[in-house]
Amino acid sequence: MGIVLIWSLVLILMRWISHKRRGAISYDSEDQTALYIRMLDVRVRSQVGFEPERRGSHPYLYVDFRTLHSRPEAARPVSARNVRRLLSFQRYLHSSRFFHGIPANNPLGYILDDDFTGQAKLMLQKVGNWNFDIFLFDRLTNGNSLVNLTFHLFNTYGLIELFQLDMVKLRRFLVMIQEDYRCQNPYHNAVHAADVTQAMYCYLQEPKLAETLTSCDLLLGLLAAATHDLDHPGVNQPFLIKTDHYLAALYKNSSVLENHHWKSAVGLLRESDLLSHLPTEDRLNMEERLGSLILATDISRQNDYLSEFRTHLDKGDLCLTNGGHRHFILQMALKCADICNPCRPWKLSKQWSEKVTEEFFHQGDIERKHNLEVTPLCDRQSNSVANIQIGFMAYVVEPLFVEWSRFSDTRLSQTMMSHLSLNKQGWNEGRDKQEASSSRASEEQRTPATKDSNSKVLPQGSKGS
């Protein structure tokens with residue numbers, strides 16, 4: 001009974017801290033049409049030129065998509081995921097040690113729970129493998145894959161020492177990033193961000209990049225990967241536009257989500273003071289370059305980037321000693337990392353495909369519920385996972401990775417193209433089987449009626465003759 005009381009108090013304290021930090025106004029999670037205002041004290045930084053985006057930093061009235069996305073079980077006071085996170089008081093103690101300094105020779109010992117430290121460390125030794133199972137790693141780190149993976153990569157590259165980063169600030173920054181991904185989203189959540197960060201690391205290890213990228217390039221590449229979908233609402237840009245969401249108006253219907261991700265990332269960088277020790281000019285330059293990388297993930301501009309990439313490859317004029325060309329390749333690497341799921345082994349690729357389709361269909365359900373035009377891709381009544389994935393692979397993924405393979409013709413590229421081919425085959429076979437099964441089911445429904453009809457008609461006809 002005493003333990004239950006302690007954890008109840010801990011939960012209340014955590015919610016109070018979150019409330020104070022975000023400035024949120026509470027609402028009834030059971031009200032599916034609830035509106036609420038999230039307001040923060042806007043910190044004016046006139047000396048840096050613009051105010052970074054932070055969730056709820058604008059005093060507008062808008063629909064909280066976490067409310068729209070909530071399912072019946074989400075209305076419970078404490079989710080099963082939260083219960084798992086609260087069960088280990090030892091984990092709480094380990095986390096608190098970050099605020100008292102971390103030994104540089106063993107940072108992971110303070111990040112990971114003792115029970116899983118060994119297994120997680122073994123996985124991190126193979127973090128550059130393309131078959132890295134981010135779902136398993138997320139379980140081993142108790143839902144903290146993004147924090148632990150990114151911290152490890154910063155340490156691996158020596159970025160903490162190179163940029164003289166305060167480890168407590170870095171830890172705080174990574175935790176805030178992970179918290180600002182919405183765990184309610186089946187796909188656009190912190191695990192996806194961790195997966196993209198791991199893929200980005202694989203690309204950064206490719207010979208052409210590893211030999212030419214600067215430490216600043218590496219830092220920005222990892223930061224962009226970790227924050228590229230920060231505070232994603234689980235719906236796409238057209239949805240935000242047609243519902244007159246304040247973000248669509250703020251960014252004038254152009255790269256709405258990507259701008260939001262970028263400004264949210266800058267807001268966390270400044271809130272954590274992670275780069276506050278750097279000269280202002282350098283800090284602002286890094287923020288702008290970070291934005292350029294994140295904005296490149298806008299899928300609506302896919303053809304623009306692909307066309308430019310193809311032109312460079314046709315001319316053979318890419319020179320990675322040129323800072324502009326290196327930045328462009330980082331953009332292309334992040335784009336590949338963002339949509340590389342179809343190039344993963346089938347076991348991993350299938351899970352991601354199901355998760356992104358679940359998120360699409362949930363948007364369609366919201367649209368139908370609120371009498372909005374249902375986005376074709378999000379209509380569960382006329383689409384399937386297989387159909388969506390086959391189209392996505394054919395028109396988006398394959399054209400991009402064919403060009404990436406031209407740029408970096410390595411074993412990794414060959415492996416990715418091989419997985420892509422096998423996964424396409426797998427989804428095609430699955431679709432064929434599903435269609436055949438549906439056809440048989442329809443035939444079986446018609447056949448009994450025909451037999452009954454014949455059994456009644458023929459005997460009567462024979463008697464009449």
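Even glycines carry a Cβ here, placed using N, Cα and C.
Within 10 Å of the C-beta of HIS188 (active site, proton donor) there are 25 other C-beta atoms, taking all protein chains into account. Residues or ranges marked as active site, proton donor by TrEMBL: HIS188.
What TrEMBL lists as AMP binding site is HIS188, ASN189, ALA190, VAL191, HIS192, ASP229, ASP338, GLN389.
Per TrEMBL, the feature Zn(2+) 1 binding site maps to HIS192, HIS228, ASP229, ASP338. All protein chains considered, the CB of ASP338 (AMP binding site) has 23 other CB atoms within 10 Å.
According to TrEMBL, the Zn(2+) 2 binding site annotation covers ASP229. Within 10 Å of the C-beta atom of ASP229 (AMP binding site) sit 25 other C-beta atoms, taking all shown protein chains into account.
As annotated by TrEMBL, compositional bias 'Basic and acidic residues' applies to 429-446.
Among the features that TrEMBL reports, compositional bias 'Polar residues' is placed at 447-457.
TrEMBL lists 112-434 with the feature domain 'PDEase'.
Feature annotation from TrEMBL assigns region 'Disordered' to 423-465.
Marked as signal peptide by TrEMBL: 1-23.
Highest local Cβ density among the binding-site residues HIS192, HIS228 belongs to HIS228, counted as other Cβ atoms within 10 Å over all protein chains shown. Over the domain 'PDEase' (112-434) the predicted model carries a mean pLDDT of 96. Note: the Cα of HIS192 (AMP binding site) and the Cα of HIS228 (Zn(2+) 1 binding site) are spaced 10 Å from each other. Ranking the binding-site residues ASN189, GLN389 by how many Cβ atoms sit within 10 Å of each one's Cβ puts GLN389 at the top.
Across the structure, ASN189 (AMP binding site) and HIS228 (Zn(2+) 1 binding site) place their CA atoms 11 angstrom apart. For the Zn(2+) 1 site, the Cβ centre of HIS192, HIS228, ASP229, ASP338 serves as reference, and the other residues of the chain with Cβ at most 8 Å from it are HIS188, ALA193, VAL196, ALA225, HIS232, THR297.
The binding-site residues near HIS228 (Zn(2+) 1 binding site), taking a 10 angstroms Cα-Cα threshold over the set VAL191, ASP338, GLN389, are ASP338.
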